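One structure below.
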Amino acid sequence: MRKKIIEMRGIVKSYYLGTPNELEILHGIDLDVYEGEFLSIVGASGSGKSTLMNILGALDRPTQGHFFLDQLPMENVKDEGLSKIRNEKIGFVFQTFNLIPRSSALNNVALPMLYGGKSRSVRTKRAKELLELVDMTARSHHRPNELSGGQKQRVAIARAMANDPAIILADEPTGALDTHTGRMVMDIFHRLHQEQGKTIILITHNTELALETERTIRLKDGSIVENKINEKIQLEGSYESA
Amino acid sequence: MNLLENIRLALEGLRANKMRALLTMLGIIIGIASVMAISTLGSAMTGSVSKTMDKIGGKNISVYLTPKNYDSQATLQPEDYITQDELNSFKETYADQIRAISLSSSLGSGKLNSGYVHKDVSVTGANPDYRLVNNINLVQGRFISDRDIQSSRNVIIIDTTLRNNLVGVNGDPTGMDITVETKNTNETYTIIGVYEKVVIDNPLFNMGDDTRIECFIPITTAKALNSQSTAIPGYENFTIMASANTDTTAFAQITKQYFIKNLGALSDYTIEAQSMEAMVSEATSMLSTLSLGISVIAGISLLVGGIGVMNIMLVSVTERTKEIGIRKALGARNSAIRSQFIIEAIIICLIGGIIGVGLGSVLGVLGSSLLKFPTTPPFTPMIIALCFSMGIGVFFGYYPANKAAKLDPIDALRYE
């Protein structure tokens, strides 16, 4: 049996907007994600996607329920502990890339390793490897404002891979890109999934992109309304031949 | 996440906003520079005070008769003066503490005539001890001897300037006769020695008009020539040079008490004894009070500078909210964010401090050489200033840094 990377049981997230107005966003989510899976979470805005992603990404704690990330219980983990988990277990890819504007592509990729306490030589070596993986070696000393959207997102993916995380959390990674570059970014995800066996969770409202993944979870009003295995579809893209 | 990485991050941050960083530093630069300039000047002055003290005699105590009440029209009566006998018995009583007693009596200014040379001079009657007490450096011949005093000889000591005028730099004027005309006298003296003038190049010890050439003759000769003082049986002032291990401040008091007891009742006058050390320490303490005052003002500038640093750090934290969110998402701990911003503040202050120390040292050295006490900037205040500027960084950087550290990663990431 494959290892569970994510195990969620009865996850509830509610916000206190000053008593007694309590706003419950997630109403008891049960979710299992296995190692090496390529999963998509879809849902309209306001469905609780972002809240779920924040909990999955150890940016936030659930109000109720049990959550194991890479078999670690996430209850009662303090802020510092969450930082460590984000650093070691999660690789974020954001819609708006979120690169540090003052740092070169290389330094951006190296940043998670810096917070992970890796030595400078190790960081540089690994960052170079990762930039090569996303075909950005030529631009490794460029700053984000000298890169195109697709290039930025490739750097961001390389950064997400820096500490070899248990899961890659991609929040609308193609949302700010045109179709062509979006396709290229998706190809990289497929490649990471197939060649390196990465567990990838793709959060999107694009149903087409979701169909490319192995399984799709549909969220509506804070509950999972659909959990569907997608048929393997042949993509026009070149990731299989790459 | 070690210190070096943090410093690198901070420098990266500062490079992105060079102008802003520089403007922020300005307050610190001005503050540190003024403190540094003041302490450089202060140490130059104190240094020059002790140097000058050696020149003019740090072991000297000046003793003089002074009116009990400055408002009264008191004049010295002949019986008020301190006689030679009284001085001798004083010297015997404290033989261990006294190295020399210098006596002098001015004959006033006059004109020297010798061949074609005519010079304005001032003539001072002195005793043999005068040479030791006043640090007279003889280069040729001899100084006034006891026998010159006893016989009131017409002998004279001239300075090197006058010697150069009379016989040239390599000449020997001893044995030469010169005529000096003063207000009431016109006497011929035989030159017995040449002294080199000690130049006291210190505005704190301005001894008045130093351009006049001073010549020395035996004090008895001077008294005999000065019709007004012929009748006067003693001296109204003299200078004691204490022996090396004597506490001059304490001995000044002893001297004062001795003469008050032994001189008997003086009409309108009393005796005062003041050690050079006491005078110098008075001057020094006045100086340090002054520097303290200026340092306080400089300290206010540092405070304002620190507030400027805090302000800009707060702006920087707000501006970089998103970046903080990204860093947190990538696994930066609160402590890493906090130290990043504190170190940034420290570096701003430290760079400001270094520039300030440099600028202040240059200003201090320039200022002190303008005031004619050349110096090198003191080391300790330099270190203190740098540590202090770092302290400002920690103090004023902590609050903004802590604010950054406490940001919620989700809110920070969402911030636009």
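Glycine is no exception: its Cβ is also placed from the backbone N, Cα and C atoms.
Curation plays no part in TrEMBL annotations; they are all automatic predictions.
Pulled from TrEMBL:
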type: DOMAIN; residues: B:22-253; note: domain 'MacB-like periplasmic core'
type: DOMAIN; residues: B:296-409; note: domain 'ABC3 transporter permease C-terminal'
type: TRANSMEM; residues: B:21-45; note: transmembrane segment
type: TRANSMEM; residues: B:292-317; note: transmembrane segment
type: TRANSMEM; residues: B:341-367; note: transmembrane segment
type: TRANSMEM; residues: B:379-399; note: transmembrane segment
Pull the DSSP breakdown for the domain 'ABC3 transporter permease C-terminal' (B:296-409) and write it out as helix, strand, coil residue counts.
98 helix, 0 strand, 16 coil
Dominant neighbour of the transmembrane segment (B:379-399) in B:21-45, B:292-317, B:341-367, by Cβ pairs under 8 Å:
B:341-367
Quickly jot the same-chain residues contacting the transmembrane segment (B:341-367) by Cβ under 8 Å, restricted to those at least six beyond its ends, or write none.
3, 6-7, 9-11, 13-14, 21, 24-41, 44, 305-306, 309-310, 312-313, 316-317, 374-377, 382, 385-386, 388-390, 392-394, 396-398, 400-401, 404-405
For the domain 'MacB-like periplasmic core' (B:22-253), what's the model's average pLDDT?
82
